[in-house]
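Visitor: Dropping the structure in here first, questions after.
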Amino acid sequence: MPAKIYTEKDASLAPLKGKTCAVIGFGSQGHAHALNLKESGVNVIIGLYPGSKSRKVAEEKGLKVYDTAEAVKKADVIFVAVPDTKIPDVFNKDIKPNLVKGKTLLFSHGFAIHFKTITVPADVNVIMVAPKGPGHIVRRQYTEGKGVPALIAIYQNADKQAKKIALAWAHGIGGTRGGVLETTFKEETETDLFGEQTVLCGGTSALVQAGFEVLVEAGYSPEMAYFECLHELKLIVDLMNESGIAGMRFSISETAKWGDVKVGPKIIDKSVKKRMKEALKDIQTGKFAKEWVRETKTGYKKFNKLLKDGEKHPIEKTGARLRSLMPWIKKRDIKGQQASYS
Ligand SMILES: NC(=O)C1=CN([C@@H]2O[C@H](COP(=O)(O)OP(=O)(O)OC[C@H]3O[C@@H](n4cnc5c(N)ncnc54)[C@H](OP(=O)(O)O)[C@@H]3O)[C@@H](O)[C@H]2O)C=CC1
Ligand SMILES: CC(=O)[C@](C)(O)C(=O)O
């Protein structure tokens with residue numbers, strides 16, 4: 001049976017009426033949920049640690065910012081919007097001591113709950129509202145009257161209102177405009193990690209860099225290679241997003257279609273699928289999570305090096321030059337926000 005998809009007609013903000021919603025962290029997801037909810041008419045406050053870089057940004061957006069513990073005390077629903085590996089510290093120090101019966105803890109990803117990096121008291125709701133897209137796009141689409149689809153999941157339903165609250169939150173951030181699907185913390189965590197490693201981020205970044213390198217190493221100009229392997233990828237993916245892979249094929253040439261169906265499966269062949277299955281296994285067994293937590297606890301050395309190497313890849317310099325010729329490509333202020341985690 002096809003999964004039930006909740007849309008605008010199934011949702012209401014009523015379960016959040018009269019409630020205070022605290023968003024802890026004002027990064028990618030935090031800023032998007034907070035601003036979308038505020039504009040939907042929900043009472044939102046922000047929780048941050050003293051000295052957080054995000055304080056000024058949130059205040060400039062007209063939001064009231066408190067120290068995390070204070071925000072948790074004031075709130076009925078608490079969205080933990082800090083990086084997954086920072087959640088245990090923030091949770092044990094500032095959230096858990098202030099969680100009382102009747103409150104709802106909300107996540108956008110199940111890592112901390114599924115891999116048990118934190119333990120939550122039994123008398124609070126634990127729910128998830130996970131948009132299937134980056135926070136900055138969740139915000140952008142909401143302001144354009146659109147909405148990124150979202151998942152909801154219930155891990156603890158202490159007051160029997162958990163699902164209503166999750167749906168109301170998903171509605172408030174614009175999720176029901178795109179469609180909301182109910183899942184479990186386990187399913188969301190495992191599929192989300194799989195997607196970002198193999199297809200969305202990891203697989204695509206490596207595919208683009210490999211294609212660029214092959215053309216440049218064969219003597220073609222980096223500009224040609226950039227247009228072919230990165231710029232046009234978005235245009236093709238936009239078509240897939242609008243009308244599926246078959247719909248994309250409607251718009252490409254007959255020769256491109258032949259190359260697609262004949263050569264594509266030789267590039268992404270059975271061995272790639274085998275390695276995807278290995279990646280999935282490492283996620284399911286907890287091996288990936290264990291290694292990632294270890295990396296964050298030992299100073300992010302490998303992580304920072306790999307990110308820096310990525311920034312130095314020649315495709316970045318070529319791309320920056322070519323994108324500057326296309327003023328309609330939205331310029332994002334990401335300077336100083338890249339790499340170097342601690
Ligand atoms: N990025 C995304 O689009 C997606 C993220 N998610 C999930 O959403 C959650 C948040 O991730 P994401 O939005 O990427 O996070 P970000 O890395 O963008 O969040 C950073 C924010 O957390 C703040 N922060 C860091 N440490 C603390 C702390 N000790 N106390 C309070 N605030 C702190 C930062 O403050 P400062 O400015 O001072 O550094 C900043 O405001 C995660 O569970 C993630 O898996 C789910 C779907 C997509
Ligand atoms: C944006 C998203 O859904 C990701 C890639 O899984 C994430 O940032 O965690």
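Including glycine, each Cβ sits where the backbone N, Cα and C put it.
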Visitor: Among G135, G145, G147, G172, which residue does TrEMBL annotate as binding NADP(+) at the site that also has F26, G27, S28, Q29, S52, S54?
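Guide: So, going by the record in TrEMBL, that would be G135.
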Visitor: Which one is it, among the binding-site residues F26, G27, S52, G135, S253, that lies nearest to D192 (Mg(2+) 2 binding site) by Cα separation?
Guide: G135
Visitor: Please give me the CB contact count at 10 A for E228 (Mg(2+) 2 binding site), counting all chains in the structure.
Guide: 14
Visitor: What is the three-state DSSP composition of the domain 'KARI C-terminal knotted' (184-329), stated as helix, strand and coil residue counts?
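Guide: Computed counts for the domain 'KARI C-terminal knotted' (184-329) are 126 helix, 0 strand, 20 coil.
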Visitor: Work out how many Å separate G27 (NADP(+) binding site) and S253 (substrate binding site) at their Cα atoms, rounded off.
Guide: 41
Visitor: Under DSSP, is F26 (NADP(+) binding site) helix, strand or coil?
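Guide: It is coil.
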